[in-house]
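S.K.: Mind looking over this structure? Questions follow.
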Amino acid sequence: MKSQQSIIPTLKKAALLFGWVVFILLSYKVSKLDREYQEYNPYEVLNLDPEASLSEIKKQYRVLSLKYHPDRGGDETTFMRIAKAYAALTNEQSRLNWINYGNPDGPGATSFGIALPAWIVDQKNSMLVLLVYGLAFMVILPVVVGTWWYRSIRYSGDQILINTTQLFMHFMYKTPNMNMKRLIMVLTAALEYDPRSNKEATIRPTDNIVVPQLIRELGNINVKKKEPPFCYPYSLKARVLVLGHLARMDVSEELEEDQRFVMRKSPALLQEMINVGCQLTMMANSRGGFHAPRLVTIENCMKLTQMIVQGLQESKSPLLQLPHFEEEHLRFCISKKYKVRTLQDLVSLKDSDRRSMLRFLGEEKYDEVMAVLGSLPHITMDTKLQVLDDEDSNNITAGSIVTVTVTLTRKRMVEVFEKEQEATPCPGEEAPNSEEAPGDANKVKPKVWQNKNKGAKKMAKSKKKKLPKKKAAPATSKTKQANGNVTGTEVAAGAAATAAKDEEDEGSDRGSESDEGEANKDSPSEREEDSDKQSDTEADEIAGDDEEEWEALQQSIQRREKALLETKSKVTHPVYSLYFPEEKQEWWWLYIADRKDQTLVSMPFHVCTLKDTEEVELKFPAPSKTGNYQYSVILRSDSYMGLDLIKPLKLEVHEARAILDHPQWDIPDTEDEDEEPEESDGIEDSEEEDEDND
């Protein structure tokens, strides 16, 4: 198989070289052909200067005619050309024809022809030419078009074999709840890894020796499972290579090339599995009759993509994505002193503590780790919930189409470092809260991105604590009175009495003013004016709200049109990976899910253009029953482990308003009764006029 694959590129290069040689030879032959349509110049035929006199022309004609005359052994064709040129210069009529028509013989019929070599139009070669044309247009061209068509119909729009898509659909329909081990088996059963369906895949004779060795090193990988196609040699080999890649095992040079091929194909195949799961989910929601794939199955496809790109098993620490990190180094990170288990924990650590924890790294290795960590993405996600094309966009009714606008902002982890350095005080500066109790000094400092949340919680708690203090003021006066503080109670009582009197006076004044106002407004004209003003203000407010909704609707329409027209590049940010065989771009999945019921609410949107900011609209139908629902907006990376985001989404569904009849269709009965006599009167009048005419 390998020898055949090495011969095919050589044959292609030889055919290309032969084609260039033929093209150069044809170009050379064409350049040697005489030009038929050339401007006639008699001076050039006689080898004379255009300013030559008549005597010089006659003299040159005698010399050339003696040289090329047929009776003296000259060329007859050349002699005829010389005679024609001499006539064009000496004969008046021939000279006028040459000046006016470019030919001494006068105007002639213009003939056009195809610039073909003479041997093609030669009658002797007619059968050969017909055979060549028949072979080219009746054999070669149909074979080429048929081969292209046969190959193109075997693949989907994402260049995945149609048979592979059908295989994924069969197993996802058969096993809606698929764990990671089963998912790897289904992935490696793809026909892209079968040499019979894909010429890039190979089965080597040494596989019978090397693959069983890897199986023994990996352990239990369901080798004895006889379910096709999991028991086929190509599927077993691809499964061993994937599991060896996730375990970061060293393979032989013979298998290393095959392993790179399997890894390159895996992300596209997993994306196809996600698409198949979404299609089955939509079919189950619309038709019913079978169970849709569970949310855990689709999320396992996304997690497996991360694992393959980073070459890590699901249970391993995400810190192993960084360079120079090994399994034995993790004990320094997860110790009780630091408790660093994720990349975010490592970022939020103080620089001094981080250096102390990573003391097993040298200076250069530490700088490389910090450079890679600083280049990793740090995503913030903002959501906006609304119902577009509705009068009240914030009111979600049963069955309405809900639009969640998600704004993604990508920054680098190094910006988190900078915020941390700005937040931490310098060693020479004093702490702002130096007068706190000594017990507060032992508290752990909060993380950088948790400061805002904790500050908000403290503000809420302080507000809650301040509210009962105002109500507790009368209780303190009572306790003072019980303790015998007579002066304080008398002052408080006097102040309370004066305050009560002032309030009574103000109340009486307000009452008198209101009575006077009511007395003055008893007239009906003034009441009508007030009602008109109120109606005008309400109409202005409604008009303002309508204008705002209209502007928001127009902006959303413009955003959709712009997104449809402009094609963004899918080159975002290169992914740092130690074990993936080729350069990969950083992409994401965004979707809404009900984690309680383990179902998808909106289909996953593959975000392939997130460079700095990206706005994505996710749409889904609201539940048919009213009530409160708790969903989750989830952002998952297809390249990094431990950088996923989950944001809660609360949904309050109300009853849909009843459809009211429009006033223009409410026709009172009195109008119908009034119109009927008018029609009858018209008819009687017309009958009377007809009788008069008779």
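In case you wondered, yes, glycine gets a Cβ from its N, Cα and C as well.
TrEMBL lists these features:
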type	residues	note
COMPBIAS	454-472	compositional bias 'Basic residues'
COMPBIAS	473-499	compositional bias 'Low complexity'
COMPBIAS	508-536	compositional bias 'Basic and acidic residues'
COMPBIAS	537-551	compositional bias 'Acidic residues'
COMPBIAS	668-694	compositional bias 'Acidic residues'
DOMAIN	41-102	domain 'J'
REGION	419-555	region 'Disordered'
REGION	662-694	region 'Disordered'
TRANSMEM	6-28	transmembrane segment
TRANSMEM	128-150	transmembrane segment
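I'm curious about the neighbourhood of these features; can you describe it?
M.R.: In the predicted model, the domain 'J' (41-102) shows an average pLDDT of 82.
Counting only same-chain residues 6+ beyond the ends of the transmembrane segment (128-150), those with a CB under 8 A from a CB of the stretch are 120.
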S.K.: With DSSP helix as H/G/I and strand as E/B, how many residues of the domain 'J' (41-102) fall in helix, strand and coil?
M.R.: 47 helix, 0 strand, 15 coil
